[in-house]
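Undergrad: Just lifted these from TrEMBL, have a look:
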- Glu654: active site (ACT_SITE)
- Glu654: active site, proton acceptor (ACT_SITE)
- 312-389: domain 'Carrier' (DOMAIN)
- Asp164: site 'Essential for catalytic activity' (SITE)
Amino acid sequence: MLWAANTVIRKFSTSYAKLQNKLNLALIGQSLFGQEVYTGLRKQGHKVVGVFTVPDKDGKADPLATVAEKDGTPVFKFPRWRVKGEPIAEVVEAYKAVGAELNVMPFCSQFIPMTVINYPKHGSIIYHPSILPKHRGASAINWTLIEGDKKAGFSVFWADDGLDTGPILLQKECDVEPNDTVDTLYNRFLFPEGIKAMVEAVQLVADGKAPRIPQPEEGASYEGIQKKSNAKVNLDQPAEAIHNWIRGHDKVPGAWAVIQGQVCAISVHAGVGTHKACRCLQVRSLQFEDGKMIPAARYFSPGDTTSVELTEEEKKMAEEIRVCVCGILSNVNVIEDTTDFFKSGAASMDVVRLVEEIKEKCAGVPLQNEDVYMATSFQEFVQMFVRRLRGEDQEEELVVSYATKDINNMTLKMPYQCFIDGRFEDAENGKTYDTVNPTDGSVSHTHEHAHALVSSARRTHRCLCLLLCACRLADLMEEHQEELATIEAIDSGAVYTLALKTHVGMSIQTFRYFAGWCDKIQGTTIPINQARPNRNLTFTRKEPLGVCAIVIPWNYPLMMLAWKSAACLAAGNTLVLKPAQVTPLTALKFAELTVKAGIPKGVINILPGSGGLVGQRLSDHPDIRKLGFTGSTPIGKQIMKSCAVSNLKKVSLELGGKSPLIVFSDCDLDKAVRMGMSSVYFNKGENCIAAGRLFVEESIHDEFIRRVVGETVLSSGCSAYSWEFPIILFPFRSDTIEEVITHNAHCRVSFCAGYFMEPTVFTDVEDHMFIAKEESFGPVMVVSKFKDGDVDGVLSRANDTEFGLASGVFTRDINKAMYVSERLEAGTVFINTYNKTDVAAPFGGFKQSGFGKDLGEEALHEYLRTKAVTVEY
Ligand code: NAP
């Protein structure tokens, strides 16, 4: 019995409650917006007792009428409600007869008499696409953009007898993006959110909770209706005002100008903006009086008037297209070659239909809505379609100026200009600088770009297309690996074989690895406390950050580029990368390959130049949302400060290190010697995780040194030796060298001529010495002893550093190895190995070696943000 009673109560408090507080509504309006509001209200449980909309046009019913008629809802199509200012009695009576409790007016172009507005017991609510009291009047969205407002939005308000002056029920707002147009604002916010808000507003009225907030007079504005006749562009004003004017009219009514005596409608689309600095404006397309649209860039080039001869197969396709067009233009009996799609009555919905129908018939054709606007007559459309099918309609070819060099049995072709928005171009001020080949001192010129053109870095999407591009890019890098490795060798002084295997080899692997992530970035669902009687679900979305900057050092120019760029792109961002000033050439060659790989323009931009100028500009830039940095600790600190002060951009810092390597007496000594040497000398010691200090247990110390010195002497001068250390590009300052020599008795330092230095071993190094504390970034082994069995003692010495990038331990005792690895304060610990990095393993430091990870899944999260979404249902 008790159980039965509980059941009844529970039923009452859930599903039964949903049936309460529902209204009988009259919907007065039109268009898709009206249709969606109608559907949403019915879904919410309200009853639409009458739909009042506009009469059919050319035999076609308005979308609101179409859906309501299907449902059997009474539909009225009065052409007008008033004559000479007086309500038409029969119309008003017909309206009153439906018995509505509230009038909902989602999009109403007719003048509705006050007797109707005030008739229902709750009155009337209206949608208006501006944040009232701003932009009252019929062209609110246009004026929001024309006036350069930073916020757009809409209001649902109570109708009164003024013009958009009634009390506010609810309002919602969004940011206006620099390239928003009327279309984008409407489609991404005002339309979808507006529908939801109308439904929400009706429920508030039904629940007796709808506010009536009087509109303030302060900030109120009323602007006239924008028509074609008053949409002429005044070219005598700043670029931003022109940009706002054009986008404020796009696409309806369409801004226009007279160019060479011809009236041209001008349109800007998302992704095209102003370069404020040079006060110029990029126009994407022009449309002439006859309705024909062309890409603006082709305005000055003579049109391609030659038409292509169709093959039999293509003629068949043309006929299929003719059938599609005929189905859409039902009012035209015969589709001639000259039949113009728009002049024959097609609207924007018909464009979508045409494109979809053709795609269905000819799978794989790259066709977009815009193509229909560009080729409006049937014949033009077929010609465009056939050229597209034949691949003749390709993007303009990449133009590259190269510096060339005959070397390594090949002729290197090295781009040297900045790479911006898919093009190689000179620096804005034409400034160049010399980049030196450390093996012979010869120089090449590279352009230094001072302005970070962030507007050219466009948003991209994580998608299959990106995945395919990244795979293609990796393949292309492999195809060009000898060329890339040779450029790396002459630009950074890398040993060719190592450049081939590591600098280039791991870069290729990195792109392949992250290509696999492109379509696997996903959030999670999270159980949260329920808010009874409703239930909730929380899930997270992983979103790209937008435009990211990447600043990298000179020791692994291509690999550092790959580690950061691949993760950044896989996460769906675009990037502006500054290579080290002294090693820009592989980055620019890489840029050339990205175009061949099909990576869209503007996704990758490479700006060579100095850290103080280009790097600093990127750190300060207000439109960049993330900076990924690899380099020294002092510069890392400066970057973090600039990122904080400018716009609090997200930062990850991969900084310097002084990584300890502990060699216990119970190790495999042969292996410890071999790996101990490569831990220091790999890539000539120009390695951030190079073992900066070796701690060797006393009982094996002398033997260890004997073997190491023997190997070192043996391999000096032998450039083909496995860890290729005898040549080095060495950035030591001379005072450091002095300090090294005066503080250490047992040292052997010798320099080759020029930029290179031979490998060096220091023994008996004490903890207070300069070389025990500072990163050497060269082929310098620093060895200290520790007492037999003093595990905790050596651990505390190993951790006594502000760096924490990597570390290592050699021992056969697994318990000791695990004990030590747990206590070493470093982002990476190698046990019985060293330098074993992998594209799938996260890499990054602790303490003043920075934060954030490169490589592995964790690297993706450096370039993503997490949004938590909570739904009540
Ligand atoms: P760096 O002097 O810090 O330079 C790194 C990059 O920062 C260069 O592109 C540099 O430009 C730029 N830069 C300089 N000043 C800047 C500023 N004010 N704003 C923005 N960018 C600026 O380092 P490096 O000497 O090239 O490289 C060696 C360091 O990198 C070592 O400490 C090494 O340990 C570290 N590193 C760390 C990792 C890791 O993963 N943790 C990997 C490799 C290297 P310029 O070219 O004009 O100097």
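Counting starts with 1 at the first residue shown.
Cβ coordinates come from backbone N, Cα and C, glycine included.
TrEMBL does not curate its annotations; it predicts them automatically.
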Undergrad: In the structure shown, with every protein chain counted, which of the recorded positions Asp164, Glu654 has the densest set of Cβ atoms within 10 angstroms of its Cβ?
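TA: Checking each of Asp164, Glu654, the winner is Glu654.
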Undergrad: Please report how many Å separate the Cα atom of Asp164 (site 'Essential for catalytic activity') from that of the residue listed as 'active site', as a whole number.
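TA: For Asp164 (site 'Essential for catalytic activity') versus the residue listed as 'active site', the Cα atoms are 56 Å apart.
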Undergrad: Give me the mean pLDDT over the domain 'Carrier' (312-389), rounded to a whole number.
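TA: Average per-residue pLDDT within the domain 'Carrier' (312-389): 84.
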Undergrad: Per DSSP, what is the helix/strand/coil residue tally across the domain 'Carrier' (312-389)?
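TA: Per-class counts: 49 helix, 2 strand, 27 coil.
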Undergrad: Translate the DSSP assignment of Glu654 (active site) into the three-state scheme.
TA: strand
